[in-house]
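Okay, so here's the structure we're looking at.
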Amino acid sequence: MSDITRSSLPEHVAIIMDGNGRWAKQRGLPRIMGHRRGVEAVRETVRAAGECGLKYLTLFAFSSENWRRPVSEVNDLLGLLKAFIRRDLADLHKENVRIRVIGDRDSLNDDISALLIEAEQTTRDNTALTLVIAFNYGSRDEIARAAASLARDVALGKIDVSAVTPDAITARLDTAGIPDPDLIIRTSGEERLSNFLLWQAAYSEFLFIPDYWPDFDRKTFFSAIDQYMTRDRRFGGLPDQVAVAGA
Ligand code: FPP
């Protein structure tokens, strides 16, 4: 098997949904309107991802840094996420979509915590698309929690320090069991990762799109997939090298 493949359909696409505020401002609307339209774009993207047979779609819904926004906007964003789960959970379940949530769950209010658990439990046996919602998520925090969990086990004598390997860290991240993203998309023209999937992005392809998130639709999604499929991925190998797996 070659580890240097002309990219085929991605298995996992992750999206930094940026530009809701600017979309609203451009139209003289309050920021919440941008976020509301952003939820419509989420629905359309989830449908498109399911249609093309994608296995994992990760959406950066709320970062651990987003708490710094004005309380009213934080409440709007939390309200939209709760409403999305309440309204769309049954349909997503019917469409065989599994929901997983990544991020720090410990500091969340009981009501949102219960909703996230309900979404994960209800859909846990679904086998089509896995929709990964990054909520109260920060990559450095995720890596620090994984490191702390390994350190605890070393201190307790459960594992030896030599067992602290990249694979062991990967297995203790919130994304355990989820393959690394093949493609990371960020909308709105900004070109940075903003503490999103830092560990998992080691070999991801990146696509920065000028459109604001509320304008992202199935056409943009399929065009992003097409662009990804023109890329050559080498995973540190050479362009014309064909490696035997495990060699
Ligand atoms: C960035 O736009 C977007 C967010 C911080 C939140 C994204 C959330 C949603 C689309 C709604 C809820 C999510 C789900 C999964 C239902 P920004 O406000 O930073 O825009 P700006 O940079 O133009 O100000």
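Even glycines carry a Cβ here, placed using N, Cα and C.
Nobody curates TrEMBL annotations by hand; they come from automatic prediction.
Annotated Mg(2+) binding site per TrEMBL: Asp18, Glu205, in sequence order. Taken from TrEMBL, the feature active site applies to Asp18. For 19-23, Arg31, His35, 63-65, Trp67, Arg69, Arg186, 192-194, the entry in TrEMBL reads substrate binding site. Annotation comment: TrEMBL describes Asn66 as active site, proton acceptor.
On the structure: features taken from TrEMBL.
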| residue | record | Cβ neighbours (10 Å) |
| --- | --- | --- |
| Asp18 | Mg(2+) binding site | 24 |
| Gly19 | substrate binding site | 25 |
| Gly21 | substrate binding site | 20 |
| Trp23 | substrate binding site | 24 |
| His35 | substrate binding site | 22 |
| Ser64 | substrate binding site | 19 |
| Asn66 | active site, proton acceptor | 17 |
| Trp67 | substrate binding site | 12 |
| Arg186 | substrate binding site | 23 |
| Leu193 | substrate binding site | 16 |
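There are 18 other CB atoms within 10 A of the CB of Glu205 (Mg(2+) binding site), with all protein chains counted. By the rule that a residue counts when its Cβ sits under 6 Å from some atom of ligand 1, the binding-site residues Asp18, Gly19, Gly21, His35, Trp67, Glu205 yield Asp18, Gly19, Gly21, His35. Taking only the Cα positions, the spacing between Glu205 (Mg(2+) binding site) and Gly19 (substrate binding site) is 21 angstrom.
Trp67 (substrate binding site) sits 16 Å from Asp18 (Mg(2+) binding site), taking the Cα positions as reference.
According to DSSP, Asp18 (Mg(2+) binding site) is assigned to coil rather than to any helix or strand.
Annotation note: Leu193 (substrate binding site) sits in a coil segment as assigned by DSSP.
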